[in-house]
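Student: Pulled from TrEMBL, these are the listed features:
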type	residues	note
DOMAIN	73-500	domain 'Major facilitator superfamily (MFS) profile'
REGION	1-21	region 'Disordered'
REGION	506-525	region 'Disordered'
TRANSMEM	74-95	transmembrane segment
TRANSMEM	107-130	transmembrane segment
TRANSMEM	142-163	transmembrane segment
TRANSMEM	197-218	transmembrane segment
TRANSMEM	224-245	transmembrane segment
TRANSMEM	299-319	transmembrane segment
TRANSMEM	389-406	transmembrane segment
TRANSMEM	412-434	transmembrane segment
TRANSMEM	446-466	transmembrane segment
TRANSMEM	478-497	transmembrane segment
Amino acid sequence: VVKFRRTGESSRSDEDGISGEHEVQIEGVRTELEPVELGDGAAVPKEFANPTDDTFMVEDAVEAIGFGKFQWKLSVITGLAWANAMEMMILSILAPQLHCEWRLPSWKVALLTSVVFVGMMSSSTLWGNISDQYGRKTGLKISVLWTLYYGILSGFAPIYSWILVLRGLVGFGIGGVPQSVTLYAEFLPMKARAKCILLIEVFWALGTVFEVLLAVVVMPTLGWRWLLILSALPLLLFAVLCFWLPESARYDVLSGNQEKALATLKRIATENGAPMPLGKLVVSRQEDRGKMRDLFTPHFRWTTLLLWFIWFSNAFSYYGLVLLTTELFQAGDVCSISSRRQEVKAKCSLTCEYLTEEDYTDLLWTTLSEFPGVLVTLWIIDRIGRKKTMALSFLVFSFCSLLLFLCVGRNVLTVLLFIARAFISGGFQAAYVYTPEVYPTATRALGLGTCSGMARVGALITPFIAQVMLESSVYLTLLVYSGCCLLAALASCFLPIETKGRGLQESSHKEWGQEMVGRGSHSPG
């Protein structure tokens, strides 16, 4: 018995006026055949992808074409944009250098870091809005060119006020780079999406490692100005290659540009050597795109609020740990940090210490902990799901923070900080996988942009905890980070939607999951 259901999406369905389930008895078939069901979250084999429908959606085409040469090229190009981590990592190298060279007081050095985060915070939502209104490629291209221009210009800053403004403008541009994940995710088949988004996060870690190695070579000979200019190289390479990038087919369909979307899908199919689905591409209902109110509809209100807190906690804890690592290493352990603080207070705020070779080595080792974080997240995210992965990452970080209450030796301290950094960076990466998956195409870039903006708020606040509060009580500081991550773990569990094994939602006017689990799964009414 073959069962089938009219979904109402076929152009013939309206004409026939037939709905509901139907059964067809086929005579003369071997009766010993057993029914076979796909496992939960399994990809539909290419030979079964839409063989008889007279229409198909972008999701069907992406699944049928699969992962191939086009996605590999896209991974490298998107990764180059993601290597803007160099522009972030340079802050920890630039600050002590300018502190010495320009005789800056400590608060001015701290302001140089903060102004970058202020720029990122103020622009994240704007770039998301531009990407939803005018296209993913447009938003990403403008933000990268903006960052590249002001990044190179920073190398020619004559005085402190100039470099402060220019680094703030660099931060403004960096706020749009996460939109590369939106563009990337919309070209990936369901089975490969989580792994691929996590793997381009490797470019972030590679960018930070490359920045430290570049600093070791450039700083003693050419100085910080050349380091600023050379750090823009990956973005320059991306700016050249981004003309190859196509616009997202999902965005084109949503904005009514069906022919362009179909041309893009045919181009991907040709490059991958895979056949296109049969039939006609369905044009989705055109919607208002990039509207903030759509993030707070009944379907997405709780998801948005919980995600904002999760992203805030990720950045708050991640950058807090980066700042705490230096303090804890220099003190030896938590118990020694209070007495060291008293010694530091007696020093003049203009005391100058250039970065040594040992400092660069420590920076390199700390950065390398990001790689195990990627591997652990890669292994568990499709096994236990996105929500549980984020919750586990927060719980491990919280547990490691509490263990720092013990007066452990330097070796154990290093291990605990390494594990904590690996898991909190893994949690960040899981959030980058989940967020583009949970929002529909009309608000996907805006949703990611607002979450990224909340993360920058966390990054702005964390120096007051990791540096100012630390002077009063190291235990209270650790308790704040641990408590914040425990709440974030709870928030991850309370997220209403699990996106593991689901496709990307095209329209915000449909129930979540309606397109994702197969178009035959619509409930009547």
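Heads up, residue numbers simply count up from 1 along the chain you see.
Note that Cβ sites are derived from N, Cα and C of the backbone, with glycine treated the same way.
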Student: Taking only the residues in the domain 'Major facilitator superfamily (MFS) profile' (73-500), give me the average pLDDT of this model.
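Tutor: Averaged over the domain 'Major facilitator superfamily (MFS) profile' (73-500), per-residue pLDDT gives 81.
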Student: Look at every Cβ pair spanning the transmembrane segment (142-163) and the transmembrane segment (74-95), keep those 6 or more apart in sequence, and say whether at least 3 of them are under 8 Å.
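Tutor: Yes, the transmembrane segment (142-163) and the transmembrane segment (74-95) are in contact.
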Student: Any chance the transmembrane segment (299-319) and the transmembrane segment (478-497) are in contact, meaning at least three CB pairs closer than 8 A with a sequence separation of 6+?
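Tutor: Yes, the transmembrane segment (299-319) contacts the transmembrane segment (478-497).
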Student: Check the transmembrane segment (197-218) against the transmembrane segment (478-497) for contact, please; criterion is three or more CB pairs under 8 Å, pairs 6 or more apart in sequence.
Tutor: no
Student: Could you give the residue numbers and ranges of same-chain residues that sit at least 6 residues beyond the transmembrane segment (412-434) on either side and whose C-beta is under 8 angstroms from one of its C-beta atoms?
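Tutor: For the transmembrane segment (412-434), the list is 178, 181, 193-194, 197-198, 201, 307, 310-311, 314-315, 317-318, 321-322, 325, 328-329, 332-333, 366, 369-370, 372-374, 376-377, 381, 386-387, 389-390, 392-394, 396-397, 400-401, 403-404, 451, 485, 495, 499.
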Student: Other than its close neighbours in sequence, what residues sit by the transmembrane segment (107-130), given a CB gap under 8 Å and a spacing of at least six beyond its ends?
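Tutor: Same-chain contacts beyond the flanks: 88, 91, 94-96, 98-99, 138-139, 142-143, 160, 163-164, 167-176, 178-179, 290, 292, 445-450, 452-453, 456-457, 459-460, 463, 467.
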